[in-house]
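Here's the structure we're looking at; comments come further down.
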Ligand SMILES: *[C@@H]1O[C@H](CO)[C@@H](O)[C@H](O)[C@H]1NC(C)=O
């Protein structure tokens, strides 16, 4: 089989076995799946209780012990499918959806074979040629892309549902649990409606997939800021390069209502992530990241092969389809029906939905005003917001040794004329360049960050990454009432990234030393109002 290295890196995490260079299910598993695929009259699986027994048998055939599953998994399955689900829905689930899932599991080995064969042909991701795209472990500090068909993802997620992924090797590789046992066990252990509604989203996804298999692709990319001079990687900005940056600030639009995932223009939609991609999606979590994983469940597939993020890393997913509508947040989260995702697709068959996972500092408290921590946050955001195709431009922009815009323009122009490929230097009419950032209170809710500080950091990072705009959803947060005014003032005075960076660093230093207690905007306002008395009228 082609791409043997790729397969070897992931094989111990997959339920299928490799025999004489082909992938197989053990024969007992094939028999059991065949029975399931023929429906409840054949398999006798017509309740959550029996379903769990079938799962235990499948696991046993794969030499996985059911002791490794979360304690209340059986009760969770039974509660959901036998008590909470209506009889009509359960008939559809056991009669149609589950058999179709079993059928897709039967085809998993051949889907994987086809996947590795395809991934071997020269692929081109976002105008980067010759990238490997095979399913493999995307280890920390190794930038790379995995491109999966939506069909293969649905089979992998069916493995999660049946709890067929080996549990034991994952922890040692910094990978989260990928089976759905805890999702169901948590429902039973501590019944609450949000958990039931999370499961409803997942069940809805399988119902949709089984009635019509989507034909697109989804890519998962680990983005890494280079620790050394690796030219294919995004350069790692030093603190001095932020303070000297002459890049202009991008457009900043404030929306006090609306949600990132409903943003209509193509943008990098920020996932306020946990360093473990997906956070508590498969356990009890139900805030911004977890909700996104429930309404776009294909994101879950990334949890299979994307270990924990380091400070200089981000994860970008392009093409995940949205299947569900919802209302609420955290304990008020509710599934409220089908969602038809009408986003266009790109030449690789990916929906033009770009989700960027960046993990903010957790409960930073006063630490967040310390210089090293501001640098950590801005470089994390820069890593996420950057476009790896522009690494050369970033390198030039981050060099510390040009002091004027004219000199910078000269360097950029010489890059343009020297390069063989056409390189877009500044945001312009190019379609790619229309991709801005849609974000909000990153690292501020459960993570406890300062929203004013975080908004400015994201603006700086987006600008330095040459993004044309940032759309900021405030979720009506009180402390951001002045955001629009302040960003408009700054924009009208044409501050550079360096100018604003130096302000936020000065403010943070005073805040650290307890020389000021006010928020950044109030700290900045007297300075602004000396110039423009109008700013204080609000
Ligand atoms: C998905 O990706 C594969 C592999 O690169 C490609 O052959 C296929 O055409 C893509 N699908 C679509 C719908 O573009």
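Any Cβ shown, glycine's included, is placed from N, Cα and C.
The record from TrEMBL ties 274, 288 to substrate, and of the options 233, 329 it ties 329 to that site too.
For the domain 'PARG helical' (85-222), residue counts in helix, strand and coil come to 76 helix, 19 strand, 43 coil, using DSSP. Note: the Cα of residue 289 (active site) and the Cα of residue 274 (substrate binding site) are spaced 8 Å from each other. Between residue 271 (active site) and residue 288 (substrate binding site), the C-alpha separation comes to 7 Å. Of all residue pairs in 274, 288, 329, the annotated binders of substrate, the farthest apart have Cα atoms separated by 17 Å. The Cβ neighbour count for residue 271 (active site), using a 10 Å radius over every protein chain in view, is 30. Taking all protein chains in view, 23 other C-beta atoms sit within 10 angstroms of the C-beta of residue 289 (active site). DSSP assigns residue 288 (substrate binding site) to a helical segment in the three-state reduction.
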